[in-house]
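Following: one structure in structure tokens, then a few remarks.
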Amino acid sequence: MIEFWKSEYTRILSICHDSGTQYRNKNVRMRSLYLEKVWVAFKSFAYWKEVIWKTKQEFRAQYSFPKTSLEANKVDDANTHSPKFVMEVIDVFVENLNDLMKINDPSSWLFVPGHMKEQIEKVLKELKLLRFFVCFVSNKCIQPQYQHTTFYTHALIEASHNAMVVWLHLPVYGIGNQDLAPSEVSRLLSDFMEMKIKSIQPGISRNSIYIDVLQALKSTIPQAQQKHVAESGIVEIPTHSLTVGLSDQMANLQEMLCLLRDNLIHLPILDLEFHLQDMDSVIVDAGLLIYSLYDIKGEKEDTILEDIKRELGFDLPRNIEPIKVMVYLVMQKAFQCNLPRIHGLGYVDFLLKNLKDFQGRYSDSLAFLKNQLQVIQTKFESMQPFLKVVVEEPHNKLKTLNEDCATQIIRKAYEVEYVVDACINKEVPQWCIERWLLDIIEEITCIKEKIQEKNTVEDTMKSVIASSQLARTPRMNEEIVGFEDVIETLRKKLLNGTKGQDVISMHGMPGLGKTTLANRLYSDRSVVSQFDICAQCCVSQVYSYKDLLLALLRDAIGEGSVRTELHANELADMLRKTLLPRRYLILVDDVWENSVWDDLSGCFPDVNNRSRIILTTRHHEVAKYASVHSDPLHLRMFDEVESWKLLEKKVFGEESCSPLLRDIGQRIAKMCGQLPLSIVLVAGILSEMEKEVECWEQVANNLGTHIHNDSRAVVDQSYHVLPCHLKSCFLYFGAFLEDRVIDIPRLIRLWISESFIKSCEGRSLEDIAEGYLENLIGRNLVMVTQRDDSDGKVKACRLHDVLLDFCKERAAEENFLLWINRDQITKPSSCVYSHNQHAHLAFTDMKNLVEWSASCSCVGSVLFKNYDPYFAGRPLSSHAFSISRILLNFKFLKVLDLEHQVVIDSIPTELFYLRYISAHIEQNSIPSSISNLWNLETLILNRTSAATGKTLLLPSTVWDMVKLRHLHIPKFSPENKKALLENSARLDDLETLFNPYFTRVEDAELMLRKTPNLRKLICEVQCLEYPHQYHVLNFPIRLEMLKLHQSNIFKPISFCISAPNLKYLELSGFYLDSQYLSETADHLKHLEVLKLYYVEFGDHREWKVSNGMFPQLKILKLKCVSLLKWIVADDAFPNLEQLVLRRCRHLMEIPSCFMDILSLQYIEVENCNESVVKSAMNIQETQVEDNQNTNFKLVLIEIHLFCLFDMKGIESISTDMKEKKLTVTRDVDADEVQLVVEKLRNVAYADEVQLVVEKLRKRGML
């Protein structure tokens, strides 16, 4: 056969060589020819016209496919038969055909009409698959490549045929009708397609060539370790062949091969390495089966499948079974390998709810799985108590085993969701789904058995091996720099203070120097000399109770007196008796759990002799738990002066830093993030380098990488000991931008939507999530930036940069979170998709979202983060991307957080897994199809500036979305109030409802009846009438926060508020009087915060507050109210802590009874009458001097506003007369700078003018 091909096709190879040369040697590119718009004006046009014409004449003269015989041209180049040459030729041909297809201008001489484009697209696919085949044979072959010359030759001829068609397609002007007619070109392309099943020569066909080469490979399949991308490509070849002739009869085989192909691309090579040989066998067997069938059918046109199977002796079910096994294995592995390794324990809750919904909504599609799904549901429900234990007992002695089992359970939950969805959408065959669910049931059963076995194991883990302890930095003789004020405070507590025993506890994040500071005090002679016994022990995360006791006894009575053979209880008694009559100083370092203190505290007797215990811990809760008299000390981070002082001391010792290095040194110290440990690490690097500016500059440039790598072990240790239910919450901080304050309510809503929060009967998910957050704060992993004034709850937080970087890096390692930055180098088309399954993707550019969307079908979250501060608060339009259509690729999307920054063209109502949406919209209505999002829990839609002020119509179908927990839309109104009243369900889960717009009290009552469990409500009302008697509007009993804004300012409120558990009330724009406030107060016995803004106080502008009104009120704020006379009874506001008065210009004075409110801590007066200021100062004098209220604070502010409306870029300029500071609220145009300065100089306060000039100078405007 080889000789036949050599003799018969040598002439064709000669033409192939010519066509390849035209493409490759002369660098002819179809696209480049098209883009050369000025051909006619240059000599190049004549040259190329001649080249094209001569080549076409040569092709047609020598080979007319195959009308004319070929002349014998002797071409026997060994390189022509090499796979490398063949692949290079195919690459060139594919590139040119692609260029040809991109030309869409009908006036171009290269334009390809539509019917011919379809044929060329088919040919392109054939060429790509042919290249895969050549690559596969070349990679898998262990014999010399010349053994497959026939195959490579045939591949080259097929590719070259297309090259000739491309050249023949090119027209030549001025030659009349001598060009190849379009119909002939079309036939030539059809000839090529027919070569797939037609015999080229009696006894020789394309299929027979493929059979020969596959049989050769089958006999010697090696242990090949090739990239699996090639594997997925080679699967496409036999799969694609099934589209001709027998596809209807071989549908099952075709389906399996398609599944194999589609899933291989998602499977990392490491997960295939133990199956590559089996994979090769399956691919070769599939090819042999298909090509053998087609080889016989090509010779016998009327042959049916049964005849072919009989002739070949095939048992089709038996031949297909290995393929089926491999398909299932690859599908399962492709899904499992990309699951995140960190999970939220609330995912099982979400799955169980969805399984019930699925079986109701898709009963027909899931009918054949009914029994299996019920078994799975029962097994998951039986696991719920175990998952509860994992959350509630994070320090269980079998913590590792528990968390491993919990992780396996969550992974099975992911699989069930995926398989059920695939069944509903018919994306996976029934045989595969049934096998997969049976395996899941078996695996869940094994997990349950492991848990049950664990529960029967005797607990013998009182002592834990300490081999995994984090290597500690040297503590003794370590000179401390900084914290001088802290040291002095602690020294006084150790030597003075209460007569009884006291615990001096320090807590703070890793690396702050707690241990160093404690050892400094412990070794201070002035301290130690005052105690009879000094002893210390280091606890760490893993410890032995007995070893701690032995360490303390060795210090207390000496090494020789310690009896190590005693039991722990006996040693504890010995220690207690040793300390009992003495004044002792004990250092207990690095305590991780309250239970440690429970174990040790009984050994430390209190006999009122000023004994002291120093305790260090990372966790606030531990420090607070151990405290007796002194409050726990939260060790602060270094300031810039201390940071530089420590760095200088560590690098230069007793010497001083060179003036040349001081600036760069201070910059490096600042870059260390004020963390002493980080500063010490960098100092070690600098100490080993030449003291040259260039060297230090290099350190500064690389500081981020080095400091984080070196300090990672400390942070990693804190992360390692986190309970598994907190790990996902902590890593999720990696989705936020650096140095940005994080809003807590938003963070908690995201945590819940991501299934990080495990439900607990009797508690809301929000309350549980707040507990998770406080735990992370107590471990010093999260920094609080703002707490609520009334209840002390955290309102905002942030992460230190070191911790944030750790979260991002670790989250990527765990396949949990991937950042796709606008300068991302790795594109989805050029990488292995290791993050496309159930991960969270954070984007910084909308274009990245478009590029990645096609490869992210199983992503669970899409988070958009805008780095550019210029766009802060400015929504970005996504119309150019049609984002709603792009998002359809994310079929498992549960969280879509566009951070109020992206305008979406429409809500993606097809994504029924969605639980959280936050975005901007331009429309004034929402489609009724939004109810398709039946899993949605949080809907936050902001309006663009064009839509601001307009009422948005909310369809009545929203009230069918019974899982909604948070609905935030500015100024919305129900579209059909009658339908809302008659047909809609109650939203029992809805907790926050922001900005509905009511025009009647009846409308408000109706909506409140539909939302019985609201906790927070912000709404706008339009009160049209002033009734003779107030109507009592009953708000939900659980309501805690209410903000009411009146759209028609200073209209009377037409209802009385009744909310027995309301803690926060804000009224704005109303006309009120004492009667209304008195009646309201009777219904608000638990109110803690009252804010009245822009309120008109009746005709007399008077407010009488009697005894018993607002008994729990802590904060009272009045702003721009018309209040003139304020009469307050002596015993009113008994628990008031803060009083804020802003622009209350008519108020005569603050009532004198505020002098006697012992709980009062703060009064703020801004832009009020001088008499009000005077009364506030009198209250301060009485509170501080007479009541000894040392915590009382008075703040007086006077602000003058200069509105420079004629100046571009200026909104307002405010001068604070008390603090002498000036603020420009917007940037100023450079052209207007001088005008701004001149106008400011007219202000009487020259120092304020100087301040703004300095600001402008820093901005580069002066």
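Note: Cβ is positioned from N, Cα and C throughout, glycine not excepted.
Sequence annotations record features per position, and here Swiss-Prot assigns ATP binding site to GLY508, MET509, PRO510, GLY511, LEU512, GLY513, LYS514, THR515 based on sequence analysis. Neighbour density for MET509 (ATP binding site): within 10 A of its CB lie 23 other CB atoms from the protein chains shown. According to DSSP, MET509 (ATP binding site) is assigned to coil rather than to any helix or strand.
For the coiled coil (364-384), the list of distant contacts is 348, 351-352, 355-356, 358, 409, 413, 416, 420, 423-424, 426, 430, 433-434, 437-438, 440-441, 444-445, 447-448, 451: same-chain residues at least six beyond its ends, Cβ to Cβ under 8 Å. The coiled coil feature in Swiss-Prot is assigned to 364-384 (among others).
The coiled coil annotation in Swiss-Prot covers 475-496 (among others).
Residues or ranges marked as domain 'NB-ARC' by Swiss-Prot: 475-761.
According to Swiss-Prot, the domain 'HMA' annotation covers 1181-1248.
The repeat 'LRR 1' annotation in Swiss-Prot covers 890-914.
Sequence annotations record features per position, and here Swiss-Prot assigns repeat 'LRR 2' to 933-961. Sorting the repeat 'LRR 2' (933-961) by DSSP state (H, G, I as helix; E, B as strand; all else coil) yields 5 helix, 9 strand, 15 coil.
Feature annotation from Swiss-Prot assigns repeat 'LRR 3' to 1036-1059. Looking at the repeat 'LRR 3' (1036-1059) alone, the prediction's average pLDDT is 83.
Under DSSP, residues within the repeat 'LRR 4' (1064-1083) fall into helix, strand and coil as 10 helix, 8 strand, 2 coil. Per Swiss-Prot, repeat 'LRR 4' is recorded for 1064-1083.
Same-chain neighbours of the repeat 'LRR 5' (1084-1112): 789-791, 1049-1050, 1057, 1059-1074, 1077-1078, 1118-1135, 1146, counting only residues six or more beyond its ends whose CB sits under 8 Å from a CB of the stretch. According to Swiss-Prot, the repeat 'LRR 5' annotation covers 1084-1112.
Marked as repeat 'LRR 6' by Swiss-Prot: 1133-1157. Note on the repeat 'LRR 6' (1133-1157): residues 789, 1101, 1105, 1110-1127, 1163-1169, 1171-1172, 1174-1176, 1178-1179, 1182-1183, 1186-1187 of its chain, located 6 or more positions outside it, place their CB under 8 angstroms from a CB of the stretch.
The DSSP breakdown of the repeat 'LRR 1' (890-914), given as helix, strand and coil counts, is 0 helix, 5 strand, 20 coil. Local packing around the binding-site residues GLY508, GLY513 was summarised as the count of other Cβ atoms within 10 Å of each Cβ; on this measure the leading residue is GLY513.
Residue counts for the repeat 'LRR 5' (1084-1112) by DSSP state, with H, G and I taken as helix and E and B as strand, are 0 helix, 11 strand, 18 coil.
Across the repeat 'LRR 6' (1133-1157), DSSP assigns 5 helix, 5 strand, 15 coil.
When the binding-site residues GLY511, LEU512, LYS514, THR515 are compared by the number of other CB atoms within 10 angstroms of each CB, THR515 has the fewest. DSSP assignment over the repeat 'LRR 3' (1036-1059) gives 0 helix, 12 strand, 12 coil.
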